[in-house]
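J.: Can you read through this structure? Questions will come right after.
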Amino acid sequence: MKPILSIQQQLVPDLLDIMQKRYRLLQAVRIAGTAGRRTLAQSLGMTERVVRSEAEFLKERGLLDFSAAGMKMTETGMDIVRELEEMMLELKGIDSMAKELRNRYNLSNVVILPGNCDESTFVKKAIGDACASRIKSHLSGKTIIAVTGGSTMAEVARTMKPDFAEGKQVLFVPARGGIGDDVRNEANTVAALMAQNTNGSHRVLYAPERISPDVRESLLQEPAIKEAVSMIQSADIVLHGVGDALAMAKRRKTPDAELAILEEKEAVAEAFGYYFNKDGDVIQKLSTIGLKLDDLQHATVVIAAAGGASKGSAIRSYLNGSPKLDILVTDEAAARVLLEQ
């Protein structure tokens, strides 16, 4: 395959560009289920005219269907996307990038999606879809899934479908309390949406994420919170994001004096209420209710998902310090930053 692709790139580079564009369009429709031109144009960074023209081409070849609700994939289209996926990754060198990251950070699996989350909402949706697929492949008869908050986790929830569990019992639990920012991306909301979209069940953690040590100990005696925390710590699968340290601190409305300390200690990444420097050392730990780093060791599978060139340094920092991580789902832009050093 590689020699043929190399020859095509030299002789007819436009052909490969067109193929990649049509593949991205098909992938976007597959992930959305049903999508309109305007939505696709916005998420893919294309004009509506280009989307309309390419969609008509794909429809004529039996890969897309049109309806009043929007475009939808045909079975033939699904087959084409599956056949093209490996070639697209090989074409951009993404397969070799994933292998290098697996070896460098001792991970079981690395999934890299083409593109950059910072520039395309579709790429974040693709990361969400890939996460849902990886979680589904690790479900057993009864599975507890702990999930953190964040925009990427919310995308995972939105891509989950009713056939996700396939008859298995799945319980979604929030890995953390709320930080009082955007309620749509809070862990409680994400867990509830996952349960709703998959016909699963969920539990709520009625607690703010950041509290004083005294209040924390008091809340942990409350039966409802005690039960929720027990389930969280018993999670079979943990799905979490990786945050930029200072951005997360500001979202938590951290006092200026504490922000200055984080800057002085060169905080780069945040996860589970822990702040890490570029080497992965924990430089600050918040008093929180929810999953702790030590709890990850008890999970069967731990999946981290984050993308965008702007998140590259934070992801690297967390990979250097994480006590347990099995699968990384990211995008091409972040992966290139990870491989710079």
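Quick reminder: no glycine exception, Cβ is built from N, Cα and C everywhere.
A TrEMBL annotation is a machine prediction, not a hand-curated record.
TrEMBL lists 18-88 with the feature domain 'CggR N-terminal DNA binding'. If you look up TrEMBL, you'll see 95-340 marked as domain 'Sugar-binding'.
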J.: Please work out the mean pLDDT for the residues of the domain 'Sugar-binding' (95-340).
T.: 93
J.: Quick check on the domain 'CggR N-terminal DNA binding' (18-88): DSSP residue counts for helix, strand, coil, in that order please.
T.: 50 helix, 10 strand, 11 coil
